[in-house]
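Novice: Below are the structure tokens for one structure; questions will follow.
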Amino acid sequence: MKILVQKFGGTSVSTKEKRKLVASKVINAKAEGYLPVVVVSAMGRKGEPYATDTLLSQIDDDFKLANPLAIDLLMSCGEIISTVIMCNELNNNKIGTLPLTGGQAGIITDSRYTNAAILNVDTKRILSILKSGKVPVVAGFQGMDDKGYVTTIGRGGSDVTAALLGAALNAVEVQIYTDVDGIMTADPRIVSEATLIKKISYDEIFQFADQGAKVIHPRAVEICKKNNIPLVIKNTMNECDGTVISNFDSEDDNNIITGITHMNNRVQIKVTKNSGSSYDDLFDILAENFISIDLINVFPKEKIFTIDEKDFTKFTDLTKELNISYSYVSDCSKLAIIGSKMRGIPGVMARILKALTKQKIEVLQTADSHMTIWCLVETKDAQEAIIALHREFKLG
Ligand code: ADP
Ligand code: MG
């Protein structure tokens, strides 16, 4: 059985016109002898009637806090609506279908509502639908716990649903259809000169995904890598080949940088040592309070790191309790300059800093690993910084 998982994101299923294009991708896959398993996201983005954020905006924050199980039931609706409407479109094209919730598709999770972990994928029902010649259309981003309650698996989770089904069904490929041609050298909404990356390794794309490029969920990359399933990112609106992700290095000429991505809403914190405080235990205390930190630099009398803006109030409350003094810079963006070929090549950091200084952009902090260099800048400078670096490394 040549099973092909095809996942269509929110914008791909948002209008009748686009759903016709989705149907054509499924028809083509069938014509080529594949057995497609379709995964869909909720239709459209925030503001549109059935988008996840729109559904969430209908209930109060205090109700949300106290009722994660109810939130999951609400959030799961967007994808469920999508499955039925997509089945309708496929039906118009004479393709027999069966719409399935995540739970009906066999996706079993733990009970951590709103961010559940997948425990098992039971493929029995999907396999029997495929054997009957029909196309299963599965609601992404959701599963079911052992008590039968609906769960969701975290934002962007439809990519994860597709990867999980791909692995469990031993699919020949997982295709992620979206509103861009594939993975680009930078977010095309930010850098108009961004170009398509045709081939890239799981490891490099993981860095992109993990460091803020929304286009694919990092967990989906991990699952496909672990199961050695080719992952392809394509545009629903055209016939472009897209980005193929596999075990190879990006083939792109000799460029040491593959692309640039970024993450907003970072706060840079500088904590100074003052006697009698819990300074030495600070990182333990932050971990106990589920505040995750990064870009960590430790000096004898100072610790510098960044946290997500959403944790800042919790952080300030803790510092009052612990008598810790600190200063901070809010509205920061963490740029990630990614390239597996930069390892061992001297002068990359120098080039980055020079390119940014030339644009009079202040770099607040840097860090590096074998495949990525990070630069923290103020968010007001982020777009200009990304464009400058994109030009410096001739990615356009
Ligand atoms: P979907 O609804 O199809 O899942 P997403 O919004 O999750 O779509 O992801 C697609 C978006 O990712 C694009 O519209 C683009 O703006 C953004 N994006 C960010 N970084 C990149 C990148 N390096 N390459 C391509 N797209 C990117
Ligand atoms: Mg997405």
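A Cβ is built for glycine as well, from the same backbone N, Cα and C atoms used for every other residue.
Those TrEMBL annotations? Automatic predictions, nothing curated.
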Novice: Pick from Arg189, Arg266: which one does TrEMBL list with Lys7, Phe8, Gly9, Gly10, Thr178, Asp179, Lys214, Val215 for the same ATP site?
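Specialist: Among Arg189, Arg266, only Arg189 appears alongside Lys7, Phe8, Gly9, Gly10, Thr178, Asp179, Lys214, Val215 as ATP-binding in TrEMBL.
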Novice: Using a 10 Å cut-off on Cβ-Cβ distances across all protein chains shown, tell me which of the binding-site residues (Thr52, Glu79) has the largest neighbour count.
Specialist: Glu79
Novice: Can you give me the Cα-Cα distance between Thr178 (ATP binding site) and Glu79 (substrate binding site) in Å, rounded to a whole number?
Specialist: 15
Novice: Have a look around Thr178 (ATP binding site) and count the other CB atoms within 10 A of its CB, chains all included.
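Specialist: So the number of other Cβ atoms within 10 Å of Thr178 (ATP binding site) is 24.
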Novice: Compute the C-alpha separation of Lys7 (ATP binding site) from Glu79 (substrate binding site), stating it in Å without decimals.
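Specialist: About 12 Å separates the two Cα atoms.
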Novice: List every residue in the same chain as Gly9 (ATP binding site), at least 6 positions away in sequence, whose Cβ is under 8 Å from its Cβ.
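Specialist: In sequence order, the residues whose Cβ lies under 8 Å from that of Gly9 (ATP binding site) (at least 6 apart) are Ser41, Ser158, Ile176, Tyr177, Thr178, Asp179, Thr236.
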